[in-house]
Amino acid sequence: MKQFLTAAIVTLLMTAGYYHLQEDDTNDFERWALKNNKFYTESEKLYRMEIYNSNKRMIEEHNQREDVTYQMGENQFMTLSHEEFVDLYLQKSDSSVNIMGASLPEVQLEGLGAVDWRNYTTVKEQGQCASGWAFSVSNSLEAWYAIRGFQKINASTQQIVDCDYNNTGCSGGYNAYAMEYVLRVGLVSSTNYPYVAKNQTCKQSRNGTYFINGYSFVGGSQSNLQYYLNNYPISVGVEASNWQFYRSGLFSNCSSNGTNHYALAVGFDSANNWIVQNSWGTQWGESGNIRLYPQNTCGILNYPYQVY
C-alpha cells in the first residue's frame, strides 16, 4: 500500500510538473503573439505554438554552448519553420548570374581605421516580401544623400519593387539592376509611394526626385570593400539562410558563399569585422544590424555595388 501511494504521488507530481511546463510554454507563446500582433485560428494556433516552442528550445540550446561566437534570440520569426523563413524572406540563391563589372585591382590600405555609417540611414522592415535587394539600394541612396550633406531623404523602396522590370519584385532581384533603374528614372519619396510589402502595378509615370550619378562594383577583396566603405555604405549580396534568430555577436555560420539576400554594408570595426544593416526591423539582430567575420563571410565580397 505504501509503495502504491508513493508511486501515485510521484506520478501526480510529474503530471503536475508536465502541465506546469505546458502552461509556461503556452504563456510564453501568448506573450509573443500579443507583442507581435499575431492572431491565429484555433487549428493554426496549435501548429504555430509547436513551431514557437521548438525554435525557443533550439535558441536556448545554442546559447548554452561555449563554442559559439554569436547569440540567438526571440524575434518576429519565432512561429516560422526554417523552410518558411527562407521561402518568405529570402530570394532563390543564384550565383550563376553575371552582373559583375570589370574586376578591380586590389587596393593597398594604409592607416584606415574603423568605419561606421549606421546613423546615416534607418533600419527598415521588408515584411514577407523578398525585397532586400531593393532596400539595400534605396538605403544606399538615403545614406549617400545624408553623407554628402544634401538632405535627409526617405526614398521609395516600393517604387523599385513595382517599377524595375529587370528584377522580380517580392520574388527577388539584383542590386546592380536596381541601381541602373535609379540612375535612369530616379526615386520619389516613400511618403508619395509608400512601402506595402507586395507586388503592385507601377504607379510612377514621371521621373523621380532623387538620382545618382552612377554606380560601380567595389568588391573582390577585403581591402577593396574597406577602402570604398570609407566613402559611403555599400549594397552587398549575402547568404542569409541561417540569419533567422541572430541576436548579437560575430557571425560566420553561413550555409555557403552564394547569394539569396541583399543588405547594406555600413562599416567595419578595428578587427576588420563587417557591420551590415539588414531590412528585418530593429527587433532582429543588434538593433537591425549584424556583424560578420572578415573576408568573404556569407559571400559579402561577391556582389558589392556602391552608388556615387
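Just so you know, glycine gets a Cβ as well, placed from its N, Cα and C.
When Swiss-Prot is consulted, the disulfide partner of CYS170, picked from CYS129, CYS202, CYS254, turns out to be CYS129. Between CYS298 and the candidates CYS202, CYS254, Swiss-Prot records the disulphide bond with CYS254. In terms of Cα spacing, the recorded positions GLY132, CYS254, HIS261, ASN278, CYS298 that come within 10 Å of CYS170 (disulfide bond) are GLY132. The shortest Cα-Cα distance between CYS129 (disulfide bond) and any of the recorded positions CYS254, HIS261, ASN278, CYS298 is the one to HIS261. For CYS298 (disulfide bond), the nearest of the recorded positions by C-alpha distance turns out to be HIS261; the candidates were GLY132, HIS261, ASN278. Taking GLY132, CYS254, ASN278 as the recorded positions under consideration, the smallest Cα distance to HIS261 (active site) is found for GLY132. Under the DSSP three-state reduction, HIS261 (active site) is assigned to strand.
Cα of GLY132 (site 'Ancestral active site Cys') to Cα of ASN278 (active site): a distance of 8 Å. In three-state terms derived from DSSP, CYS170 (disulfide bond) belongs to a helical segment.
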